[in-house]
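Asks: Quick one: the structure is below, questions incoming.
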């Protein structure tokens, strides 16, 4: 357990990420553009602010130094920081500067437009002096410094080098989320956290195999005089090079959104190092944190409890973790709806699994993003099929079905029909067998769409049981 609450300083470009959510169903009569009916809007900390958010949710003590304007966006930014109890006393105001705000217009879960209002000029000399003065007074209280560079003018080459020099004199590690192609301004820092594309641009090395990866890591380490070089490799994990190459594989099970995952990585590494983990252990911890975050929508964060729970779940049976109770599936379905995922629902007894079942479920899964299967409990099967059924009990049937790639979640229901379960899930697509053609299907008044899937001819549990019984007669 990581129990320390290290004091970490974040210096960089603060901004507001502003979201407008709505729907679009017509074209403007004034110009060939979509008309979006905005239904809600929200604002969150962006840029270096997302790093701060990540550190805060991990339980870290966080200080921030940045330069902002004297405007409404700055006031909004301060308010968001104060909500998470982050001091704004070290935010330096330049009157002619625009505080960065990025607005994204999202319609039907698709981003259709982004517009930015900001200044990207270098900060002035007075701001530079104030930052250095503040740092020199307080440097000894920090376990590490994160430089979050978004190229908006705060982290000038001179300021960056001055920060690194002061930190090194006081044995404080500097971790950098870099920007641009020239990384020379970060020389002397502890490590950088570029992604693969950024590393390729900075080193002019095409990373296509292990040798080219090592060459890129070596190039970064030598040119920037790093203690350790890192490259984040998306779904492949994180590559580390001190004297030898180590790749920490990703541990994400479900990826919904990678937005802000880089901020989670650098924050988690700094937090772990502040808890006396070595760099390999810190990167493993960061991989777990990123695994949680990419399962959420937008620039998300994670808590220590979520990380520990996630790590624990990775060691559990994969099939068991996909078998849910009514309460669990209700919460999960709500989350999936919020993430904009298309939910497919089907149900049945699935007593003796055969190829017809498998093909049916594969087709059902193709109609959306997530397939939830309602499984008749043993008592329900007996009512439908007779006292001799089921052949396999409900736990065995659920486990086997949950192990199929096409099935995301299984829920056992005791009732004669899955109507109450469907009400909880509110699926977008309801799938039933082709033999329901022209018949009423339970739950079709709840789902947006009904799909009827043809069965494979001659394949059924009843036929399978008959063949087994006939073979037994022949053998007796």
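Keep in mind that glycine also has a Cβ here, set from the backbone N, Cα and C atoms.
Quick paste from Swiss-Prot:
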REGION    1-318  region 'Ribokinase'
BINDING   195, 196, 197, 198  ATP binding site
ACT_SITE  263  active site
REGION    345-476  region 'Cytidylyltransferase'
Asks: Calculate the per-residue pLDDT averaged over the region 'Cytidylyltransferase' (345-476) and state the result as an integer.
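Replies: Mean model confidence (pLDDT) across the region 'Cytidylyltransferase' (345-476) is 84.
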Asks: Fill in the CA-CA distance, the residue listed as 'active site' to residue 196 (ATP binding site), as an integer in Å.
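Replies: Answer for this pair: 15 Å between alpha carbons.
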Asks: Restricting to the chain of residue 198 (ATP binding site) and a gap of 6 or more, list residues whose Cβ falls under 8 Å of its Cβ, or answer none.
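Replies: Sequence-distant Cβ neighbours: 178.
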Asks: Using a 10 angstroms cut-off on Cβ to Cβ distances, just flag whichever of 196, 197 is the loneliest among these binding-site residues.
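Replies: Output over binding-site residues 196, 197: least Cβ neighbours within 10 Å is 197.
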Asks: Starting from the Cβ of residue 195 (ATP binding site), draw a 10 Å sphere and report how many other Cβ atoms land inside it.
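Replies: The answer is 18.
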Asks: In the three-state scheme derived from DSSP, which category covers residue 198 (ATP binding site)?
Replies: helix
Asks: Per DSSP, what is the helix/strand/coil residue tally across the region 'Cytidylyltransferase' (345-476)?
Replies: 53 helix, 26 strand, 53 coil
